[in-house]
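Structure, as C-alpha cells:
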Amino acid sequence: MKLAILSLFLVFQIGVESKKNGFALDHYGKPWECNLFNVFGPYCNNQCTENKARKGYCCTFTCYCFDLPDDAKILEIGDSRKNYCDVSLTDVLG
C-alpha cells in the first residue's frame, strides 16, 4: 500500500514537458525576420535551434520554429497564419 501511494505521489511530481510551435521572440520581444536573401538558407533553422527548438524555417517572412520548450516566448498570432506555418516545407517535401 505504501508503494502505491509513493508511486502516485511521484507521478504527480514529475512534470510533463510539452513542445509548441510558433514565431519565437528575441530578447527585444520581436520575432526574427527573414527576407529574400535568407528565405531558403539555414538562417531560420539556426535561429530556432539556438532557441532550443527542433527546427525552423521562413514562413511569411518570419522565422517559424517547431517544438519550442513551453517556457519560450512566442508571437501571438491568428490561427489561420499559425495553421499555414505549422506545415513545414521539409515535412511536405520529405
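For all residues, glycine too, the Cβ spot is worked out from N, Cα and C.
For Cys65, the disulfide partner named by Swiss-Prot among Cys44, Cys48, Cys85 is Cys48. In Swiss-Prot, Cys63 is paired through a disulphide bond with Cys44, chosen from Cys44, Cys59. Ranking the disulfide-bonded residues Cys34, Cys59, Cys63, Cys85 by Cα distance from Cys48 (disulfide bond) puts Cys63 first.
When the disulfide-bonded residues Cys34, Cys44, Cys85 are screened for a Cα within 10 A of the Cα of Cys65 (disulfide bond), the ones that qualify are Cys44, Cys85. When the disulfide-bonded residues Cys48, Cys65, Cys85 are compared by the number of other C-beta atoms lying within 10 angstroms of their own C-beta, Cys85 comes out lowest. Counting every protein chain shown, the Cβ of Cys63 (disulfide bond) has 25 other Cβ atoms within 10 Å. Counting only same-chain residues at least 6 apart in sequence, those with a Cβ under 8 Å from the Cβ of Cys44 (disulfide bond) are Trp32, Cys34, Asn38, Gly56, Tyr57, Cys58, Cys63, Tyr64, Cys65.
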